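Residues or ranges marked as active site, nucleophile in TrEMBL: A:Ser168. Here TrEMBL flags A:Asp338, A:His371 as active site. Summarising the annotation, TrEMBL assigns substrate binding site to A:Arg238, A:Asp372. The annotation compositional bias 'Polar residues' is assigned in TrEMBL to A:1-14. The domain 'AB hydrolase-1' annotation in TrEMBL covers A:63-376. Sequence annotations record features per position, and here TrEMBL assigns region 'Disordered' to A:1-23.
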Amino acid sequence: MSAPPTAQQPSLVTPTVADSPEMPGKRVRLAVDRPMRLDSGVEIGGFQIAYQTYGTLNADKSNAILICHALTGDHFVVEKHPVTGKPGWWEMLVGPGKPVDTDRYFVICSNVLGGCLGSTGPKDIDPATGQPYGLSFPVVTIGDMVRAQKLLVEHLGIEKLFCVVGGSMGGMQVLQWAVAYPESVFAAVPIATAARHSAQNIAFHEVGRQAIMADPNWRGGNYLLEGTKPEAGLAVARMAAHITYLSETALHRKFGRNLQDRKAITYGFDADFQVESYLRYQGAAFVERFDANSYLYITRAMDYFDLAADAGGTLANAFRPGGKTTPVRFCLASFSSDWLFPTSESRAIVHALNAVAANVSFVEIETDKGHDAFLLDEPEFHQVIHGFLEGCAEHRGLSARRRAR
Amino acid sequence: MVDIRDDLKLIAEMVEPNSRVLDVGCGDGALLDYLSHAKNVDGRGIELSMDGVRQCVAHGLSVIQGDAETDLKDYPAGAFDYVILGQTLQAMRQPRDVLQMMCRIGRRAIVSVPNFGYWRVRLQLMLTGRMPVTEKLGYQWWETPNIHFCTLRDFVVLTEEMGITIEQTRIIDRAGRVTSHAHSGLANLLGEQGVFLLRGNGG
């Protein structure tokens, strides 16, 4: 880590391998005085959370929106990515004049606990051994990620978030926020997500993990110490996962059976088809920015997510804190061609919220772009988010659209 | 203030300020919008059409995409002060069940129904021998979503059978004027639609 720790931050965790000196963004050490207890029972203290903020926090600290990123996302929401050089992953939705208007709201996004872009994760040095954690890093859950985010939000002096927004795994965190800290969230926008990870989704994750672990360069998780990189395994994991983010229609529209830079099939196993070439590219690009062990840990966190199980088996009970209807205002959105987190998953959450007569909006957006649609240009989806936030802002007493200029 | 349909105005008059309202089949949200601004209600909506839901949510209203006949059962008893059904009872597959559920989850239900006993309807059927098509019910028989038409008398009889109390009645004519505050044979002839404030037997 190059950025000097601020005064009150003891260096319990030493600099990490991939924390290159140029990595921009804010960092904070949390749970320094009192370790945070993970769902597994392990206690973790003095961990680092990397985050970014956009916009300005107002005087009564009532305009903060927390964005939760998905499995392979990070906190570079609306700025050039420091590793890939690509635009921020949610510039479609977030920014000045966008539905999540940074001229109006104070937007926070942090890299999840267990991640690999600045927050403490398996690639970091275990202070106890002086070596990278690898698989000795404790297993974290969606609940643990949110616990860490809560500490960050408190560190920023914010008592109640105006809104928590996220898609996919980010949506799981949004739900977890609303259930774990209903008094600290005014509104929640879980997008293309589920209250529990389905058997099919766990299965896909297991394929990805097995691909990583089958790579001889993985070395039982000790690749950092042994100077190898399980690139092939991680790339295959990404390729398999990437298919689940698209729809059959979208894949067909994009590639069909088109051949890659050739006029005829080659009767071999080179990437004859464009879709193969595309997936190989996606896999190769991914290993540049993602840590293989982090992928294992974060997919596991999603697999373990089951809100109903935590609430005694009935999802509605999760939204009835202390026997009273949750005060959080919800807006759920799903996408018609998303088969990874299909509309039925969102509808199950809506039914549970109805069962406690909670304040909920729900829209299924018609699109053929699959799960990834939440990251793409979907004007109707953006109108819905904009309208919902406007309505909530009115109820929260946040002033008109823009500050006078 | 936004201008809303005549029957919606009458419905709005029946709603106490600051109450909790569920509008079933809320369409583009005109009534909900009106109620939240004019009466400061905590309003929710259910709408079948995605376009309607999108319009509502994009205007800051709390609306879910759903089907009254399958989704009303999720709500707990007495969750709302009023459950409103504006001119859609006749489009339900099981209108009786919907009415029952409305009276369970709302302390009151407000229903507006088009009157198939209206004199123009009767006259059309009698004179032309064909299914009536009126200004407000402008569908041919083969395309209409209105699969369970009733007269105002039919509706009142059903409420009696179900043990539902009609607390208020507004019968309105073609111009949207209230012609009667009670149901009668004449009202069933002269009224184009009726608006009823209902209380279930459990409430």
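Placement of Cβ uses the backbone N, Cα and C atoms for every residue, glycine included.
TrEMBL labels come from automatic prediction, so no person has curated them.
Remember, it's a predicted structure, so these values are computed and weren't measured experimentally.
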Rounded inter-Cα distance in Å - A:Arg238 (substrate binding site), A:Ser168 (active site, nucleophile): 16
DSSP three-state assignment (helix, strand or coil) for A:His371 (active site): helix
The one of A:Asp338, A:Asp372 whose CB sees the fewest other CB atoms within 10 Å, among these recorded positions: A:Asp372
Protein Cβ atoms within 10 Å of A:His371 (active site), excluding its own: 24
A:His371 (active site) and A:Asp338 (active site), distance between Cα atoms, whole Å: 4
Nearest-integer angstrom distance between the alpha carbons (Cα) of the residue listed as 'active site, nucleophile' and A:His371 (active site): 8
